[in-house]
Every structure is written in C-alpha cells, then in structure tokens.
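In what follows, a structure is listed as structure tokens, so that the remarks can point back to it.
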Amino acid sequence: MGRFLLVTLSLLVGAFSLNEANSCCCPQDWLPKNGFCYKVFNDHKNWNDAEMFCRKFKPGCHLASIHSNADSADLAEYVSDYLKSDGNVWIGLNDPRKQRTWVWSDRSPTNYYSWNRGEPNNSKNNEYCVHLWALSGYLKWNDTPCKALYSFICQCRF
C-alpha cells in the first residue's frame, strides 16, 4: 500500500512538473502552448510591420501560426481575454508570391486551415495576408490586404 501511494504521488508530481515546464518560461500575460509563448499586441500595424515587430522582439519570433482546432480555440480564447480593442488580429499566414499559395511566416507546415465561409476570396485581387476574424470570435480566418492596420499575435520561444 505504501509503495502504491509513493508511486502515485511520484506520478502526480511528475505530471505537475511537466505542466509547469510548458508554462515556466513564458512572460506574464503570454499564453504557453506546445513549447511556444503567444502574446497579442494591441498596436495596429500592417502585416509586414507586425511580422517585423515580432522578429525584432526576440530572435525566432514570428506572427503566430496555427496548426489545429485545439490551437485555434486556445488562441481565440486568449485573444478575446487580452485584446483591449475590438477588431481583427494578424496571424502569420500570407501569400508572398501572390499565387494563392499560403505559407506561414515561420516556415512551419501549412497543414491546417480555418477559413471563414467563402474565404479566401482575394477580393479586388489584393488580399495576400490573413487575420483572425473578430466577428467569428477569432476562430475563422479571412484574407485581406496586407496594408490594413490590425492588432497582431506573436509566437516566440523563451
């Protein structure tokens, strides 16, 4: 019985330590997720300036990339909690060659999409950057002109 309690207690401590390891290194107000830290910035910037801001913030940082429904839901909840103004939020997906080939700014695989219905539509042949759509609760994406000014979310490793 004593050995069982010791093993159970050890497993609980280990599980707690692993959970803490995921969040130990993110600064306050950053979301820890899958080895990254995410932060929404309320400044309004165009897509390129937002990406450059993330890169200058810390080497290896980029606008956020999203790779699953779970990631999407967690980021949407985080943005809803921490964004101080209403409006759309830039993420790292863009079409730099303007050929309708979407890539993440961190060069991670483009293996998940959460487009809003009817998107991407490249309205006026001028929509090559992607934001989280506020009216969807930040769960859906919309392509939009890269010069639009929005808040943004950076993804970093600390």
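Glycine residues also receive a Cβ, built from the backbone N, Cα and C atoms like all the rest.
Here Swiss-Prot flags GLU127, ASN142, ASP143 as Ca(2+) binding site. Here Swiss-Prot flags CYS26-CYS37, CYS54-CYS154, CYS61-CYS156, CYS129-CYS146 as disulfide bond. Per Swiss-Prot, domain 'C-type lectin' is recorded for 33-155, and the stated evidence type is sequence analysis. Annotated N-linked glycosylation site per Swiss-Prot: ASN121, in sequence order, evidence recorded as sequence analysis. Summarising the annotation, Swiss-Prot assigns signal peptide to 1-23 and lists sequence analysis as the type of evidence.
When other Cβ atoms within 10 Å of the Cβ of ASN142 (Ca(2+) binding site) are tallied across all protein chains shown, the result is 21. Summarising the environment of ASN121 (N-linked glycosylation site), the number of other Cβ atoms within 10 Å of its Cβ, over all protein chains shown, is 11.
Other than the site residues GLU127, ASN142, ASP143, same-chain residues with C-beta atoms no more than 8 angstroms from the centre of those residues' C-beta atoms, the Ca(2+) site, are GLU119, PRO120, ASN121, ASN122, SER123, CYS129, VAL130, HIS131, TRP141, THR144.
Under DSSP, the residues of the domain 'C-type lectin' (33-155) split into helix, strand and coil as follows: 31 helix, 36 strand, 56 coil. Distance between Cα atoms for CYS54 (disulfide bond) and CYS129 (disulfide bond): 16 Å, as a whole number. Per-site Cβ counts within 10 Å over the disulfide-bonded residues CYS54, CYS61, CYS156 peak at CYS54.
ASP143 (Ca(2+) binding site) is surrounded by 23 other CB atoms, counting those within 10 A of its CB over all protein chains shown.
CYS146 (disulfide bond) has GLU127 as its nearest neighbour among the recorded positions CYS37, CYS61, ASN121, GLU127, CYS154, going by CA to CA distance. Comparing CYS129 (disulfide bond) with ASP143 (Ca(2+) binding site), their Cα atoms are 5 Å apart once rounded.
Cα separation, the residue listed as 'N-linked glycosylation site' to ASP143 (Ca(2+) binding site), rounded: 7 Å.
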